[in-house]
Amino acid sequence: MSTNRTFTMIKPDAVANGHIGAIINDITAAGFKIIALKYTKLTDETAGQFYAVHKERPFYADLVSFMSSGPIVAAILEKDNAIEDFRKLIGATNPADAAEGTIRAKYAKSIDANAVHGSDSDENAQIEGDFFFTAAERF
Ligand SMILES: Nc1ncnc2c1ncn2[C@@H]1O[C@H](COP(=O)(O)OP(=O)(O)OP(=O)(O)O)[C@@H](O)[C@H]1O
């Protein structure tokens with residue numbers, strides 16, 4: 001299992017608000033290399049599968065319907081210390097708590113519409129990347 005990769009999604013709010021380019025620019029400027037990239041849309045079913053770990057949480061239904069409400073961008077990123085550095089780059093889950101200059105501080109509106117996803121472990125980065133990309137789609 002790779003320890004230098006993470007998985008991200010630019011969520012429907014940030015796509016709808018025209019922030020794809022700015023967010024990808026912030027990501028590459030921070031030293032992440034794009035290994036795979038896809039503009040796509042989740043259905044209720046695929047969003048439910050992706051977030052199955054949160055099934056028992058009170059916000060699960062809202063999260064699934066939000067994540068399938070519009071197109072997203074999915075990507076696998078590579079950098080030393082990718083998981084931790086990417087979570088620093090995006091900031092706290094709730095943009096109200098996100099440090100100045102982080103992606104969520106700049107582009108997110110609320111805890112549910114929080115602009116981006118970042119994997120929380122090497123294991124989940126692998127699982128989440130595999131959810132969206134075949135081996136032939138990684139470069
Ligand atoms: N209290 C909440 N109310 C509404 N949505 C929430 C709440 N907590 C988390 N979420 C949503 O569920 C997602 C997953 O929650 P988690 O606790 O894994 O946060 P995270 O790891 O910072 O976010 P992500 O997994 O998207 O990077 C969050 O990004 C957010 O969109």
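Yeah, the Cβs are placed from backbone N, Cα and C, and that goes for glycine too.
Taking all protein chains in view, 21 other C-beta atoms sit within 10 angstroms of the C-beta of His117 (active site, pros-phosphohistidine intermediate). Under the three-state DSSP scheme, His117 (active site, pros-phosphohistidine intermediate) falls in the strand class. Residues or ranges marked as active site, pros-phosphohistidine intermediate in TrEMBL: His117.
Residues or ranges marked as ATP binding site in TrEMBL: Lys11, Phe59, Arg87, Thr93, Arg104, Asn114. Secondary structure at Arg87 (ATP binding site), as computed by DSSP, is helix.
The average per-residue pLDDT of the prediction over the domain 'Nucleoside diphosphate kinase-like' (3-137) is 97, rounded to a whole number. Annotated domain 'Nucleoside diphosphate kinase-like' per TrEMBL: 3-137, in sequence order.
The binding-site residues close to His117 (active site, pros-phosphohistidine intermediate), defined as a CA atom within 10 A of its CA, are Lys11, Arg87 out of Lys11, Phe59, Arg87. When Cβ atoms from all protein chains are considered, those within 10 Å of Arg87 (ATP binding site) total 16, not counting its own. Contact annotation for binding-site residues (Lys11, Phe59, Arg87, Thr93, Arg104) versus ligand 1: Phe59, Thr93, each with CB under 6 Å from a ligand atom. Fewest other C-beta atoms within 10 angstroms, among the binding-site residues Thr93, Asn114, are seen around Thr93.
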